[in-house]
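K.L.:
Dumping what TrEMBL says about this protein:
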REGION    1-31  region 'Disordered'
COMPBIAS  13-22  compositional bias 'Basic and acidic residues'
DOMAIN    23-67  domain 'Fatty acid desaturase N-terminal'
TRANSMEM  59-78  transmembrane segment
DOMAIN    89-348  domain 'Fatty acid desaturase'
TRANSMEM  90-109  transmembrane segment
TRANSMEM  121-141  transmembrane segment
TRANSMEM  181-200  transmembrane segment
TRANSMEM  252-276  transmembrane segment
Amino acid sequence: MGAGGRMTVPNKWEGEGDEKSQKPVQRVPSAKPPFTLSEIKKAIPPHCFKRSLLKSFSYVLYDLTLVAIFYYVATTYIDALPGPLRYAAWPVYWALQGCVLTGVWVIAHECGHHAFSDYQWVDDCVGLVLHSALLVPYFSWKYSHRRHHSNTGSLERDEVFVPKPKSKMPWFSKYLNNPPGRVMTLIVTLTLGWPLYLALNVSGRPYDRFACHFDPYGPIYTDRERLQIYISDVGIMAATYTLYKIAAARGLAWLVCVYGVPLLIVNAFLVTITYLQHTHPALPHYDSSEWDWLRGALATADRDYGILNKVFHNITDTHVAHHLFSTMPHYHAMEATKAIKPILGDYYQFDGTPVYKAMWREARECLYVEPDDGANSKGVFWYKKNL
């Protein structure tokens, strides 16, 4: 047992088969914490919970201004460049535009949490427009994501990136548990993971029948939510029709270069961010015999994306605070995170491992979950890697 109640277990973090790289995992405590949500909230300055309509819109305006500038520069100047420079310039545009549009995605996500303003109708209108433009069904994801926040860390009720026990791993998993297999898995996950989750509920919570974010009568939604799922679908159809008209006027290749590739980058970042927030060798999952809301909310990790933390409106490095208080606007989340760290102590998980290393490590170390052998409680599950 490590200091402060953290359990230390042997695990390889950097490289495979290299004894010099073996480091212990400092697990987050899985016992019920000695503090309450109310005590955590009291540590946060009250102004952190206040939402400003003007300030929130200023972030929308800032991001969309950058989007417009990058679009103008790309469509005005790139094709005029000599061949080699043109081929180098497009990837630069894709990277910049993809990063900024990820920030736009985060603002729409904040609207879904009612963290954008004090007016729910404003939040929903802004979120619907921004998410539809990025081919995200706003209300559909808002409701499934809300249930994720209500059930984080629960093996039975969480909505996304729900790990499987070893007995339920697919038969082909052992054939992918090697470097080439992990590369292929990561490529598929980053490129197709988000649309597959929306359309087919891949990596989502198991339901007793087909689940889809575009189906108003699917098992994800209640009767009172179905009308808004229709509205989400209309938003997606409107965005798709607009893209069709643009492709007809400007050409499919033009649309792919200007919009399609940046959208792929947005989707890849979204999957990366979400995956790394909820997948870590130090984080527990719980079955119904052990799960409670506070322990589940604390079974998340803050990560460091460098300068992209700001571009992504700090959803990356303030995720623990976000799970505790999801209606808090992003521009107060850093201050809140600093305030709650002393209260959370060992229950707070931050990992500054570079993102590309963390993705590879988690893909290697976090294959399935099982209780520890000989553990007093069989309701606490930890990531394992030996298939």
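Here the Cβ of each residue, glycine as well, is placed from N, Cα and C on the backbone.
TrEMBL: automatically predicted annotations, no manual curation.
Neighbours and distances for these, please.
P.N.:
Confidence across the domain 'Fatty acid desaturase N-terminal' (23-67), taken as the mean pLDDT and rounded to a whole number, stands at 95.
Remote same-chain partners of the transmembrane segment (121-141), defined as residues 6 or more beyond its termini with a Cβ less than 8 Å from a stretch Cβ, comprise 53, 60, 101, 104-105, 107-112, 114-115, 198, 213-214, 220-221, 225, 228-229, 231-233, 235-236, 238-240, 263, 266.
Note on the transmembrane segment (181-200): residues 136-137, 140-141, 160, 175, 212-214, 264, 267-268, 270-272, 275, 359-360, 363-364 of its chain, located 6 or more positions outside it, place their CB under 8 angstroms from a CB of the stretch.
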K.L.:
Residues sitting near the transmembrane segment (90-109): Cβ under 8 Å, six or more positions beyond its termini, same chain?
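P.N.:
Counting only partners 6 or more residues beyond its ends, the transmembrane segment (90-109) has Cβ contacts under 8 Å with 56, 59-60, 63-64, 66-67, 70-71, 73-74, 78, 116, 126-127, 130-131, 133-134, 136, 138, 145, 257, 261-266, 268-270, 308, 311-313, 315, 330.
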K.L.:
List the helix, strand and coil residue totals of the domain 'Fatty acid desaturase N-terminal' (23-67) as derived from DSSP.
P.N.:
25 helix, 4 strand, 16 coil
